[in-house]
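Peer 1: Pasting the feature list from TrEMBL:
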- 16-364: domain 'Adenosine deaminase' (DOMAIN)
- His21, His23, His210, Asp310: Zn(2+) binding site (BINDING)
- His23, Asp25, Gly183: substrate binding site (BINDING)
- Glu213: active site, proton donor (ACT_SITE)
- His234: site 'Important for catalytic activity' (SITE)
Amino acid sequence: MTNGPDFTLADCVLAPKVLLHDHLDGGLRPGTVLDLARETGYDKLPADTPDALAEWFATAADSGSLERYLETFAHTVAVMQTSAALSRVARECAEDLATDGVVYAEVRFAPELHTEHGLTLDQVVEAVLAGFAEGEARARELGRPIVVRCLLTAMRHAARSREIAELAVRFGDRGVAGFDIAGAEAGNPPSRHLDAFDYLRGQNSHFTIHAGEAFGLPSIHEAVSFCGTDRLGHGVRMIDDITLPPGAGPADHSYPGAQLGAIANYVRDKRIPLELCPSSNVQTGAVASIAEHPFNVLAQLRFRVTVNTDNRLMSNTTMSREFLLLHEAFGYGWADFQRFTVNAMKSAFLHFDQRLEMIDEVIKPGYAVLMG
Ligand SMILES: O=c1[nH]cnc2c1ncn2[C@H]1C[C@H](O)[C@@H](CO)O1
Ligand SMILES: [Zn+2]
């Protein structure tokens, strides 16, 4: 790997970044959670100042279990039940990502979780799209242009995936780029939702599936081979299908002699993107630490790795911070980050010409300046 100069967080902010895996209900500003709770009469928040609330989310999510990590979303989802709240959260999300130097983002959320106060699924999606459009406009005014698309998530323990898939297709020309399945992985295999995936394939639509996060290879195998996913949400457990030679470690950067099993070979051969989320994986216990994250092995073995935040509030993180953590753990330089960013842009649910334009007009020129 390129051992670049020592980076600061500010350097990482300057790099153009592409974010494919970020949850809208996992990225609220703490102050906004408090404002919205006050406005809607939600009185169950565990803290009453932005700092204390930020601290609570980060600590509670740091649980070592995906199930307990997911419990923290009760508070954010509770305050995202009106059109005004959804639009505000989406607008601030676009602004925050743009300020962090993200140039293209696909932000996901589950419409079915936002109908408790009577909104229809269509109204939920319309409110979020309006917020993203406002945020994009403000970012443009501030000279930090960003393109934001959304992915509609269906919860894997529920039974509304076909309906949400149809919603995604219906909004396909209005800013919804694809579909996703999320929630507690164990006991809820992706093949439960084959009907939705078959429908999406029939519509030539794109989807990603959370797989290989809390649960291992069988989940990845189903997502890839039975469901035909375009990308893997996390996919970090892909490492379970790779045998490294004895003694191989982070210092041995090229991992010669690594043996790939059938699933790992298939995912790499087909260039199926891995939406890796380093900090989130540490919090849910999928990996022990950033230094022990398989990111580097997978990158060295030329899987199509991408860097993502998952939930900025729960992980108290940003894309720039994830870059910095990877730099500190593995010594990545700008050439590496350009590769991961181009990987992500190639994997976006946009048309080919749009992806190419972002790579040629925004990403490569941005890194050329940094490497200059
Ligand atoms: O990392 C995750 N794995 C599985 N499900 C997740 C993850 N992060 C967020 N979610 C769930 C909780 C949210 O309410 C839902 C929609 O964004 O997706
Ligand atoms: Zn996720």
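Any Cβ shown, glycine's included, is placed from N, Cα and C.
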Peer 1: How far is it from His234 (site 'Important for catalytic activity') to His210 (Zn(2+) binding site), counting Cα to Cα, in Å?
Peer 2: 6
Peer 1: Tell me the Cβ neighbour count for Asp25 (substrate binding site), meaning other Cβ atoms within 10 Å of its Cβ, over all protein chains shown.
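Peer 2: Excluding its own Cβ, Asp25 (substrate binding site) sees 26 Cβ atoms within 10 Å.
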Peer 1: State the three-class DSSP label for Asp310 (Zn(2+) binding site), counting H, G and I as helix, E and B as strand, and everything else as coil.
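Peer 2: In the DSSP reduction, Asp310 (Zn(2+) binding site) maps to strand.
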Peer 1: Hey, how far is Gly183 (substrate binding site) from His21 (Zn(2+) binding site), Cα to Cα, in Å?
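Peer 2: For Gly183 (substrate binding site) versus His21 (Zn(2+) binding site), the Cα atoms are 14 Å apart.
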Peer 1: By a simple count, how many Cβ atoms lie within 10 Å of the Cβ of Gly183 (substrate binding site), its own Cβ left out?
Peer 2: 18
Peer 1: Judged by the number of other CB atoms within 10 angstroms, which among His23, His210 is the least packed of the binding-site residues?
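Peer 2: Ranked by other Cβ atoms within 10 Å, the binding-site residues His23, His210 bottom out at His23.
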Peer 1: Determine the recorded positions, out of Asp25, Gly183, Glu213, His234, lying near ligand 2 in the sense that the CB is under 6 Å from one of its atoms, and give them in sequence order.
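Peer 2: Among Asp25, Gly183, Glu213, His234, near ligand 2: none.
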Peer 1: Tell me, by DSSP, whether His234 (site 'Important for catalytic activity') is helix, strand or coil?
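Peer 2: In the DSSP reduction, His234 (site 'Important for catalytic activity') maps to strand.
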